[in-house]
Amino acid sequence: MSRQLHLGGFLIASPVTHSHAAWRHPGSTTEFFSPEHYHRVGRILERGKFDFAFFADLLAAPLRFGADQSEPLRRGTQAAATLDPSVVAASIAAVTSHLGIAITKSTTYFHPYELARVFGSLDHISRGRVAWNIVTSLTQAEALNFGFDQHVAHDERYLRAEEFVQTAVELWSAWDEDAVVADKASGVWADADKVRPVDHDGRYYRTRGPLNQPRSPQHRPVLIQAGSSSTGKDFAARWAEAIFEIDPTPEGRRAYYDDVKSRVVDVGRNPDHVKILPSFIPFIGETESMAREKQAFHNELADPISGLITLSVHTDHDFSQYDLDAPLEDISVSGTQGLFDVARRLSERNSLTLRDIGKLYAQGVLLPQFVGTASDVADQIEAGFTGGEADGYIVSTAQTPGTFNDFVDYVVPELQRRGLFRTEYQGSTLRENLGLGHPDEDLPADIRERSLVPAAG
């Protein structure tokens with residue numbers, strides 16, 4: 001079979017996704033906190049044979065723009081109000097059979113045992129369809145919510161994350177695959193010799209283990225990450241099996257793809273088992289002119305202050321202190337440096353003011369917009385997929401669930417006609433549908449050599 005692309009659908013369990021105009025769009029639902037909304041979206045994505053729904057998350061309402069949280073709440077910005085994605089994921093899993101569900105959880109404000117147990121449970125009840133989007137958290141507001149006076153510095157967050165993921169992998173591997181006997185005649189439920197304590201005692205975390213649950217269908221969730229800094233890309237190369245990426249330009253996406261794939265090889269992993277998935281927002285019409293009208297209507301709804309509030313969250317830097325009509329200054333930020341660097345390049349290249357950047361950020365956090373007929377949008381996807389930009393894409397919305405409906409009804413059949421995308425799911429687990437290897441064989445070389453997990457099989 002020829003190389004097939006992979007698709008995810010981007011969501012936040014809130015009124016806002018990448019697009020800050022989405023909740024204001026007349027075609028969007030207002031039922032962002034109802035189970036029926038997420039059931040509907042899950043069924044749409046599964047009808048389109050998507051690999052997974054991807055739930056981003058933040059652990060605090062924005063507190064980095066101005067004196068308080070009043071503006072983010074008034075304007076309904078990203079993360080002003082969100083549900084816990086693990087709860088939403090369980091609800092979606094109950095009404096779907098094949099769709100994977102990727103859930104964002106932080107390595108800074110949870111404990112490895114707690115998180116490993118949550119994801120193991122979700123993998124069991126979904127029958128192997130769960131992924132963990134690994135984040136280190138971004139903001140001071142999150143630190144304050146968890147009782148800390150100061151957010152952990154960038155590089156230390158990644159040191160903690162490295163140990164956190166290692167510990168979680170040990171916990172998920174503590175039960176052998178055949179540890180559960182369930183022999184009613186003998187009265188033996190599990191072979192205790194095939195369940196091991198972990199006894200992890202590290203710099204940041206201690207846990208005895210094992211998990212009090214058997215190994216799940218995927219052995220562990222698929223690991224997703226969105227590294228944009230050099231440190232983040234190194235971490236993604238070591239651990240991620242899918243990587244979420246944002247860059248508005250084809251040349252930027254190609255450079256990222258080549259950079260990260262080479263880092264994957266450097267740590268002794270198979271680059272084919274690390275799927276790089278940039279994101280975009282599609283605007284689809286019967287004609288290009290109709291699609292452009294949809295795009296213009298959506299983009300005009302975007303509020304520049306809302307965009308700057310979220311830029312402040314993502315970079316952990318208060319942009320309310322700058323002149324809106326001045327160029328974006330070259331500064332150092334403590335949050336997501338990669339996104340700020342993209343914004344800075346756009347500002348310099350196109351002579352954009354801070355207000356302009358805020359408008360662009362509100363339109364979709366600097367995501368590219370693929371505009372045209374279904375064939376036009378498929379052309380753009382195919383060009384990136386065959387041109388060294390991507391192993392697939394994460395589709396974001398201009399209106400919810402309308403964008404997903406249009407994409408599934410019109411673009412997916414075009415991709416299938418071109419032989420680029422599945423017509424049926426190939427496997428029963430997310431790991432199988434993504435074409436990944438055995439989880440214990442996809443670890444970094446140094447982890448395999450240290451035998452943190454037992455041999456596969």
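Just so it is clear, glycine is given a Cβ too, placed from its N, Cα and C backbone atoms.
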One of Asp51, Asp57, Asp303 listed by TrEMBL as binding FMN at the site of Thr104, His154, Tyr158, Ser228, Ser229: Asp57
Cα-Cα distance, maximum over Asp57, Thr104, His154, Tyr158, Ser228, Ser229, record's FMN binders, Å: 19
DSSP-derived structure type at Thr104 (FMN binding site), helix or strand or else coil: strand
Cβ neighbours within the same chain of Ser229 (FMN binding site) - under 8 Å, at least six residues apart: His154, Thr336, Gln337, Gly338
Nonlocal neighbours by CB distance (under 8 Å) for Asp57 (FMN binding site), same chain, sequence gap 6 or more: Ile12, Ala13, Ala79, Thr82, Asp84, Pro85, Ile103, Thr104, Lys105, Val135
